[in-house]
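**Student:** Once you've had a glance at the structure underneath, I'll fire off some questions.
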């Protein structure tokens, strides 16, 4: 009876997660597209539901909700389903919709989709060769073999996003990095843009007048053809000194300049709004957060470097270790085990919420940036693949943030994985991503005033 009640709780939560994923798909991703495939919508929603269920099981593990055997069963079921989706179902449908967009392959699209899926499986399996994740004890299609490869991709993605986010967040929030933009700068640039538009209109009028003159003289109908005709049409002057080819080149150059001026004007307006916003109470709050994240970014880069150099991976979760160091230093009586459990629960909850929210925002921006009516189904499936791998690898890394007594079932379900490797790999990719982001943002910030002066 207890198992049925536990299963009903899990099924109910999965239905709710599925509904949220369905609404997010309809209201956010595909709100501007009339043509949509229901199989894509179902796959995306199911992937989201089972991904969130893994985080729910982590919280249940800390709170002790559900029977231990029920949690173990649903952990196993959840991982089997999510791996089936990520390794077999999503790659096949991505290949199918890619082939469907190629007219020459319409008749044999099922065959070519299978070929693409087999190609994916080959490279997916070969992914394990350069990394210490192979386990001869387990079969080819065991959970350990599949999740070890999914974890490499997911951890790499997480580290890249975390490295960029740790650097970009303070750069975005801190008013220190804002350019000093005045109303005079904006007015001067807008005046320059209006002058450029006037020049474009004037030159296009000259071209239109020249074409009308040619039409009145009958030169349009008697236009010479062939190679020598083309040479003559380019070199011949119209209306005394009008050279249409040269004027058109000037118009093209001015239109490109006007596009650059417009983008620069929009950027100056956005910077001016950010300067005004930074003076408000909320802006000052986010500015403070920027300094906090700057310190966190420096500390995270320093710790990642230490972990890589000394090949160090903590055996205790950071919360328990931090409380133990503080209690020993202050020499006070404190129930470390009790408070570490509650603080770990809050910390894991914050990590889960921010991970889901941040990933959905990133996926939405990415989808809007590159999607079209033909490629939207493929892109949504790619986003579902990224989302599933991201959440699976989050479980691998969040495990270290949990006290030892809460890791038991998760460790049993995940199997004999090289957990230390994933943490070291995360540190390496995070460090590379963070340092690359610092260099990129430094060059972009330094180049912005120079570009403004050039325009």
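Placed from the backbone N, Cα and C atoms, the Cβ positions cover glycine too.
Where the annotation comes from TrEMBL, it is an automatic prediction and has not been curated.
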**Student:** Among the residue ranges 288-310, 311-333, I'd like the one that TrEMBL describes as transmembrane segment.
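**Tutor:** Of the candidate stretches, TrEMBL labels 288-310 as transmembrane segment.
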**Student:** Go through the chain and flag residues at least 6 beyond the ends of the transmembrane segment (147-169) whose CB is under 8 A from any CB in it; none is fine as an answer.
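**Tutor:** Here the qualifying positions are 79, 83, 86-87, 124-125, 127-128, 131, 133-135, 289-290, 293, 296-297, 300-301, 358, 362, 386, 388-394, 396-397, 414-415, 417-418, 422, 425-438, 441.
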**Student:** Apart from its near flanks, which chain residues at least 6 from the ends of the transmembrane segment (288-310) lie with a Cβ under 8 angstroms of it?
**Tutor:** 166-167, 169-176, 423-424, 427-428, 430-431, 434-435
**Student:** Under a criterion of three or more Cβ pairs within a distance under 8 Å and sequence separation of at least 6, are the transmembrane segment (75-98) and the transmembrane segment (38-63) in contact?
**Tutor:** yes
**Student:** Using DSSP, what is the helix/strand/coil residue split across the domain 'Golgi pH regulator conserved' (142-207)?
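**Tutor:** Residue counts for the domain 'Golgi pH regulator conserved' (142-207) by secondary structure: 59 helix, 0 strand, 7 coil.
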